[in-house]
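See below for the structure under consideration.
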Amino acid sequence: MLEKYISIKMRVNPVNNTINNTDDIKSTSLFPKKKNVFFIEGGGTKGVYAMGVLNYLYDENVYIKLQDVDIFGGTSVGSILAVGLSLGYQKKDFEKFVETFDLSKFVDSKYYAPFTLYRFLTKGHLYDDTNRQTLVKKILNINIETIRSHLDLPIDSDFEGTDITFWHLKKLIKKYPQIYKHLLINSVDISREQQIFMTTLDDNWDNIKLYDSILASSAFPFVFPSSKFYYNSTTQKYQYESLTDTNDKITENSFIDGGVANNIPLDYLILNSERFTDCNLWSLQFTTTPAYSKITGPIALIQKLINFAFSYGRKSFGLELIHEKYQVNVINLNLSANTFDTYNNNQIKEITRQIYDQCLSGQLHFDNVDSQ
């Protein structure tokens, strides 16, 4: 039963917030009144459990209305969910997505272990990336007809979800602030050894597609291939073109999973604290309960190493500063599930249903304690 390996606790002082939409994102203080910032931690296939909690938060509850969130942020699998939330997806949209969601297709069967090992030795990653890309395309296309309309595109436009850029999202936010929300996701430019924040909160990413940013944020090292962007050292921006009409120095840079640096992109708020003077922070996090599993070979060892890194690895370098500066509300999912646990579609639907039902009944509840 699900009760054996999941519990949810929330460190929160519930606040009845009044949300006023803001179009100007360049003011000294990003938002003139207290706003809500909602982060979803990276955790591989553990994101299935997060969907169950989000389903609950879509309904009336004593904590927060998702439509009252101003910025959604996430890392790795959290970036996928954050993008959907930023695009204004409703509960029915995520339910539509869950209907065809199947994580068992992400990894090779154990019978293909020799081929998996060969791919790793020759290409540097364990798994073919087709199914991850298909998943991201699917979630970006859920409401594409509405998005086309809101962007004033022709009815017969071939504009797809994979074409949506950060600039498009900023345009949607300005025109329909009740529906679309700001986005903040992180990745790691391993070529420059830097944590990178891809966001609508500045102009550096206007030409980059949400599709590519998700792939960059969720590119588990040695599991999936890294993403590639070109870096212009003159403009200090990333681009798709390897050449320019000027003499700017352009380098091809590799991006890997944001969880290598931080499982939630809280550091962006610290680095830009003058722009976030009055915010409530909400963070959906995973705490993994250690469990024994036998190491049967190099592939199993790599999987365990990555699971350890993303489950117990580095958190925000300034978490103490965050707690001092902001009201921090933490939803902590305590799981024995691993980063690479795979679930078929029926299992996914059952997990999300059970979590939703248990949140609704109070069997899984949010404990209110003062944030420190």
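Backbone N, Cα and C define each Cβ position, glycine as well.
Since we're looking at a predicted model, the values are computed, not measured.
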Which range is it, out of 24-28, 74-78, 199-203, that shows up in Swiss-Prot as motif 'GXSXG'?
74-78
If you count Cβ atoms within 10 Å of the Cβ of Asp257 (active site, proton acceptor), leaving out that atom itself, what do you get?
30
For Asp257 (active site, proton acceptor), name the DSSP secondary structure in the helix/strand/coil scheme.
strand
Rounded to an integer, what is the Cα-Cα distance in Å between Asp257 (active site, proton acceptor) and Ser76 (active site, nucleophile)?
6
Could you give me three numbers for the motif 'GXGXXG' (42-47), the DSSP helix, strand and coil residue counts?
4 helix, 0 strand, 2 coil
